[in-house]
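Residues annotated as (2R)-2-phosphoglycerate binding site in Swiss-Prot, with sequence analysis given as evidence: GLN163, LYS339, ARG368, SER369, LYS390. The annotation active site, proton donor is assigned in Swiss-Prot to GLU205 on the grounds of sequence analysis. The Mg(2+) binding site annotation in Swiss-Prot covers ASP242, GLU287, ASP314. If you look up Swiss-Prot, you'll see LYS339 marked as active site, proton acceptor.
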Amino acid sequence: MTAIVSIHGRQVVDSRGNPTVEVDVTLEDGSFGRAAVPSGASTGVHEAVELRDGDKTRWGGKGVTKAVHAVNNEIANAIIGLEAEDQELIDQTMIKLDGTPNKGKFGANAILGVSLAVAKAAAEARGLPLYRYVGGTAAHVLPVPMMNIVNGGMHADNPIDFQEFMIAPVGASSINEAVRIGTEVFHTLKKELSAKGMNTNVGDEGGFAPSLDSASSALDFIVDSISKAGYKPGEDVFIALDAASSEFYNKDQNIYDLKGEGRKLTSAQLVDYYVELCGKYPIYSIEDGLAEDDFEGWKILTEKLGDKVQLVGDDLFVTNVKRLSDGIERGIANSLLVKFNQIGSLSETLAAVNMANDASYTAVMSHRSGETEDTTIADLAVATNCGQIKTGSLCRSERIAKYNQLMRIEEELGSVAKYAGRSVLRKAK
């Protein structure tokens, strides 16, 4: 009864006004699944291909009609009739049909849209919410949200070199309370920035994008806002950074060019800068502290901070088991950022999370800067019990949709629900 009878892809628009792929899947029993695919701004060179049309006369070349055509033709012809519950078979059928190592023929945006829509349809056929269908009876951990309240780098038009400054309400007792704490800090920060004559416009992910000249300036504002909101920095609320350092790495010169701060640093010097920041501020997590292929730099960072700070690989691992396996073997980083459009299918995403867990690496479920109202990552965060989620700030409805879904899941789980809280902190903290 879970045989796929129809697949329909279409072009819709994401939160940045760019086209993206949405897919509808219907099963023999009438069950239905719909998924919309996100898109990143700072993308790793090792990510699966996001297929764009390249026709500059339409959508600035960013149309996805080629990917949609693949969904409605080659992919549909191959998987209509297959059982939706056989996720591995469906994903592998699409991957083999594509025939490229990076999903470059159909696009990861086409394959992922179908993959997620199939899972949603199968969940409906079983009469289960998505988190329960994917995660089974063990799914019960609500993630600590890493809330992006100051944007820089590729996510904002300001001098700040680092891309994201996030707050993590680890002292909350529930996801509901964590959202409340985050919202209170967010509104306090807005008042503080406004009082200093700073811009309170928001960036792609809903964080403020003030014209600050350094990471320290942003961190000072955040720590002050946590305190003024009535919480203790380093106890109730910790801070996480996404440096997105591949974006300011000069490969030819092998230096990190922090233009906003007017500094050019070697890998070792940048690591020392992180050590300095972690000594001064309650930072528990740093994402992409070094460039995606700066393995020597990652080794230094892991040796100096790995025992007390979560070191997250985003561009480093791109949710790819081969990249992750290599990183584990090298002993670099200690956490995997999970973005399903980096790899392009649900089964491959879950395989990466399982590999991270087996190596005692943490996993952080993540959105992209170009999002939609689709809330799949909220369900997957609970399904995998990963304990942490990045889904933006406390404004912009495409971000809030995920928080609202997490609160619904928590309510549905009732007494079984467990908020990850302080368990996400490294032991040295």
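Backbone N, Cα and C define each Cβ position, glycine as well.
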Closest of GLU205, ASP242, GLU287, ASP314 to GLN163 ((2R)-2-phosphoglycerate binding site), Cα positions, recorded positions only: ASP242
Most distant Cα pair in Å, residues GLN163, LYS339, ARG368, SER369, LYS390 binding (2R)-2-phosphoglycerate: 17
Listed recorded positions (GLU205, ASP242), ranked by Cβ neighbours within 10 Å, top entry: GLU205
GLU205, LYS339, ARG368, LYS390 screened against ASP314 (Mg(2+) binding site), Cα within 10 Å - retained recorded positions: LYS339
Lowest local Cβ density among LYS339, LYS390, which the record lists as binding-site residues, within 10 Å: LYS339
Additional residues around Mg(2+), ordered along the sequence, whose Cβ is within 8 Å of the centroid of ASP242, GLU287, ASP314: GLN163, GLU164, LEU241, ALA243, ALA244, ILE286, ASP288, VAL312, ASP315, LEU337, LYS390
Densest Cβ neighbourhood among GLN163, SER369 (binding-site residues), 10 Å radius: GLN163
